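A.B. asks: A single structure is presented below for examination.
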Number of protein chains: 2
Amino acid sequence: MSEITLGRFFFERLHQLKVDTVFGLPGDFNLALLDKIYEVEGMRWAGNANELNAGYAADGYARVNPNGLSALVSTFGVGELSLTNAIAGSYSEHVGVINLVGVPSSSAQAKQLLLHHTLGNGDFTVFHRMFKNISQTSAFIADINSAPAEIDRCIRDAYVYQRPVYIGLPSNLVDMKVPKSLLDKKIDLSLHPNDPESQTEVIETVEKLISEASNPVILVDACAIRHNCKPEVAKLIEETQFPVFTTPMGKSSVDESNPRFGGVYVGSLSKPEVKESVESADLILSIGALLSDFNTGSFSYGYKTRNIVEFHSDYTKIRQATFPGVQMKEALQKLLTTVKKSINPNYTPVPVPETKLINTPAAPSTPLTQEYLWTKVSSWFREGDIIITETGTSAFGIVQSRFPKNSIGISQVLWGSIGYTVGATCGAAMAAQELDPKRRVILFVGDGSLQLTVQEISTMCKWECNNTYLFVLNNDGYTIERLIHGEKAQYNDIQPWNNLQLLPLFNAKDYETKRISTVGELNDLFADKAFAVPDKIRMVEVMLPTMDAPANLVAQAKLSEKTNAEQ
Amino acid sequence: MSEITLGRFFFERLHQLKVDTVFGLPGDFNLALLDKIYEVEGMRWAGNANELNAGYAADGYARVNPNGLSALVSTFGVGELSLTNAIAGSYSEHVGVINLVGVPSSSAQAKQLLLHHTLGNGDFTVFHRMFKNISQTSAFIADINSAPAEIDRCIRDAYVYQRPVYIGLPSNLVDMKVPKSLLDKKIDLSLHPNDPESQTEVIETVEKLISEASNPVILVDACAIRHNCKPEVAKLIEETQFPVFTTPMGKSSVDESNPRFGGVYVGSLSKPEVKESVESADLILSIGALLSDFNTGSFSYGYKTRNIVEFHSDYTKIRQATFPGVQMKEALQKLLTTVKKSINPNYTPVPVPETKLINTPAAPSTPLTQEYLWTKVSSWFREGDIIITETGTSAFGIVQSRFPKNSIGISQVLWGSIGYTVGATCGAAMAAQELDPKRRVILFVGDGSLQLTVQEISTMCKWECNNTYLFVLNNDGYTIERLIHGEKAQYNDIQPWNNLQLLPLFNAKDYETKRISTVGELNDLFADKAFAVPDKIRMVEVMLPTMDAPANLVAQAKLSEKTNAEQ
């Protein structure tokens, strides 16, 4: 057993990185490869209902996986192209998806055979070329000797850059042998070291700014999560006691039960006290920023200070000076060794805004509103929850909630592909099964978005993801679009479904369904101790008024319509 | 009213070409455009359940539309990328889909705003670049003055080349005005004329070959359908009385009730008498060939003659000589004026093989098999039926059936993306509603493929496509893959669904469901006159043994596995 097949080598590499579920669908150019999954103990083939959903599931899995990685296997042409939307989303949002495609045999490629799943023109590299636009790196493997190194290079880049990578693997190479000893040397996952001189200059300048600041704040965004800097951020808060805020995409990057957490900053769409706190600061330590429109209230940041330090995954910026290659993880670790001493001795921790987490009392028969739901929901969350919110009312509503300790928030604020969360929930739930089956995975999705990817609930049923709660916010169509344009337009309507029939349709084993429409029903549900125990798949259809929406979404929609019409 | 908006101009152009249903989903970069659909009388917005399905629906619609055209509207990034698989399929199989994408405003592009639905890198042309690989032509519109001509150019190319075209339309241009008089001049749909000299040489050479032939055959393939040459083919059969065969992809290109129709030729996978008839011919007139593996029995054509004439949409080939630019429609029309006179006076029409259309009698309780189903089904078809078969057992099984007059066959033999037919059925059914609501649209899809795109049945329910028959062949997983590799492998299993619950889930208005598993139940169903009347949506779940498959699929699968392993 000094040799193993290349196919097995690939899966052993995934297993070493705790990527133990592989998403995708079978196709005739990947079948022989799929055989190899079962040779690696502890690995499983998810077998999704379609490729787009598989891509979303892989993205969701990576956001829960300890290394921020996941894997997909699809087939040439018809399989892989259905992944482009999901992979572009992972690229956009910094998610490390290893995207392997089973392609026709070297011989068929050399002969330019007019195979099925081709464009009929003998071009076997066209799909690879398309994927290069949305991948950090790629390999179209042709030679068994270099294949292991090519696979390792792609996996390393997926980790280091937290972006998708593409591997094309011809069907005839899968069973070829490579030395087993290659597995003994683990893939190098070290980040590129910062240039010491640049880093020293960064640390000194930051410490000088800190020493002069009387009202500094920390603002944490998505890349702090994606590039695994949550521990450094937690330490920075502890050491400095500066008020900390997140962006919408940065939610769950910090412990929101920490008394120094001040809320979510979204520029002009922030709550007034949050806006005031952030914008009146005299120093902003920004970590992992991704300044997209929906993440910034349409670019409405209004800092009064010019003292801004931006820590990024590939550079640091201090005021107007850029330090290329000074990446945040190492820089923050270095800063943490001395930051405490640099704080102005006269600095008194300024108070942080409070978040309203209790609703104004209402009669039980009062119709439920988005405002009531998103205020109430924080009390039901518990430590370790994985909270997933769909682009639409949910992604905006969740901003006003308070997350529990060790929670993971998943929301596609930048890419914003509707339907994403149903697939992502499947992936996150399978990742949670591997880490701790008692962790709850809680989805909030609208009735419109649900329709795009509904069949992935079937995969959750297949794998008995009894840790999932599917809250379907039924507001009769695409409310987010109605707010932007066409409130009464027929194109924002959808065919109504009997959503609570979905779990029996998909042959769920242990399940529970409920429909709620009043304040009383919501309160009862969240007071029910049995409901809180993740021991079955649950779907709750939450009936809400069509044009009811979180206030921040209403404001964002107006800004978006304006941008769309601008010449 | 001497001016109209650019948005309306686009839809008026579609309406002129009888493209009266537009497929797609709303998104904030296309909402203002969608308003314009309702200004054009007789047009409708399909409002699909997801973009991939919308793309499949557009492909199916175009295959029924009299001009071979259809239209899609999606939104930038997240919407359009979900279409890549469908558009590549339309490219591969020669289908004229007009693929319009609503993109961010010119101003947002110029400022490189970090908008949602982008990769976060300010690159607004990346998706357009990806689509260029799978589009005949494209336009990324930036200027209102040239916009109408650009739209017209793309539509013309979709028609002439029968391939998808891409139009990127910024949200701020939709409401800008263009002269209404532009609509008075219709889009030029004339094909490029053949070079007279080349054409004369082609006709003379073909006629010489015909005059010398004693056993010529006509072999008709997909491009004869896609490039609208069915009338010319019918005339050629009538004039010559040569035996005529089709390929699997060419099925429905000729009237199969014509006594000169001899069956389906698939190389070595043909029925022996068909193989013998075609391969012993001393002249083959091949029309619109697309010689892919599944269309040719893995390239196993075994003609004995070297006298082969290939008519294509952009060239003609006679023996080894190529005549670039001599396209088949004009060349065939020219040939038809004189072909009768060129036939060898001694030519006696040779008999054609017969197709077995009656089953060996079996007891009513006999479990149903693929063989019985595909033999029996011909008797239930009737004039005008649109018959859609999914890649898998259905696409192979249908080869042994006999199609009725004026039928349309839809099957994605070359591209072969599973799940395609559910979307295509939605599009075909909506096209049929416009042409003649009494035409039946009959789908055969496997239980595995159905899962990929199931939600498009909801769109059929919304539009009350009561002309549809959905036969779900339930053989417990991906049988076509099991035949190729991994018969018992878990990756070829699927989560079983209660398929007959789908129509009530989707709130179908008038519907009927049935499950059949025996010969007697099938015979009763096809004898039931009420069942044959297309007055509701029907789903019939046909229970079949897991490894039961049409003989031609079993043989093809073996050849495919061999190709995949070849080095």
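Just so you know, glycine gets a Cβ as well, placed from its N, Cα and C.
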A.B. asks: Have a look through A:Thr389, A:Thr393, A:Thr459, A:Thr513 and flag the one Swiss-Prot assigns to the thiamine diphosphate site that A:Gly416, A:Ser417, A:Ile418, A:Gly448, A:Ser449, A:Asn475, A:Asp476, A:Gly477, A:Tyr478, A:Thr479, A:Ile480 belong to.
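C.D. replies: Same thiamine diphosphate site in Swiss-Prot: A:Thr393.
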A.B. asks: Using a Cβ-Cβ cut-off under 8 angstroms and a sequence gap of six or more, which residues of the chain neighbour A:Asp28 (pyruvate binding site)?
C.D. replies: A:Thr75
A.B. asks: Expressed to the nearest Å, what is the distance separating A:Asn475 (thiamine diphosphate binding site) and A:His117 (pyruvate binding site) at their Cα atoms?
C.D. replies: 40
A.B. asks: Rounded to a whole angstrom, what is the C-alpha distance between A:Thr393 (thiamine diphosphate binding site) and A:Glu481 (pyruvate binding site)?
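C.D. replies: A:Thr393 (thiamine diphosphate binding site) to A:Glu481 (pyruvate binding site), Cα-Cα distance: 10 Å.
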A.B. asks: Go through the binding-site residues A:Asp28, A:His117, A:Ser417, A:Asp447, A:Thr479, A:Glu481 for me and flag any whose C-beta is under 8 angstroms from a C-beta on chain B.
C.D. replies: A:Asp28, A:His117, A:Ser417, A:Glu481
A.B. asks: Could you round the CA separation between A:Gly448 (thiamine diphosphate binding site) and A:His117 (pyruvate binding site) to a whole angstrom and send it over?
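C.D. replies: About 31 Å separates the two Cα atoms.
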A.B. asks: Over all pairs within A:Asp28, A:His117, A:Glu481, the annotated pyruvate binders, what is the largest Cα to Cα distance, rounded to whole Å?
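C.D. replies: In whole numbers, the farthest two Cα atoms are 40 Å apart.
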A.B. asks: Given A:His117 (pyruvate binding site) and A:Gly477 (thiamine diphosphate binding site), what distance in Å do their CA atoms have, once rounded to a whole number?
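C.D. replies: Their Cα atoms are separated by 35 Å.
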A.B. asks: Within the chain of A:Glu481 (pyruvate binding site), which residues six or more apart in sequence place their C-beta under 8 angstroms from its C-beta?
C.D. replies: A:Asn492
A.B. asks: So, in DSSP terms, is A:Thr393 (thiamine diphosphate binding site) helix, strand, or coil?
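C.D. replies: Once the DSSP labels are grouped into three classes, A:Thr393 (thiamine diphosphate binding site) ends up as helix.
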A.B. asks: Max Cα distance spanning A:Thr393, A:Gly416, A:Ser417, A:Ile418, A:Gly448, A:Ser449, A:Asn475, A:Asp476, A:Gly477, A:Tyr478, A:Thr479, A:Ile480 (thiamine diphosphate binders), Å?
C.D. replies: 20
A.B. asks: By a simple count of other Cβ atoms within 10 Å, which of A:Thr393, A:Ser417, A:Asn475, A:Thr479, the binding-site residues in the record, is least packed?
C.D. replies: A:Asn475
A.B. asks: Distance check, please: Cα of A:Thr479 (thiamine diphosphate binding site) against Cα of A:Asp447 (Mg(2+) binding site), rounded to an integer number of angstrom.
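C.D. replies: Here the two Cα atoms are 10 Å apart.
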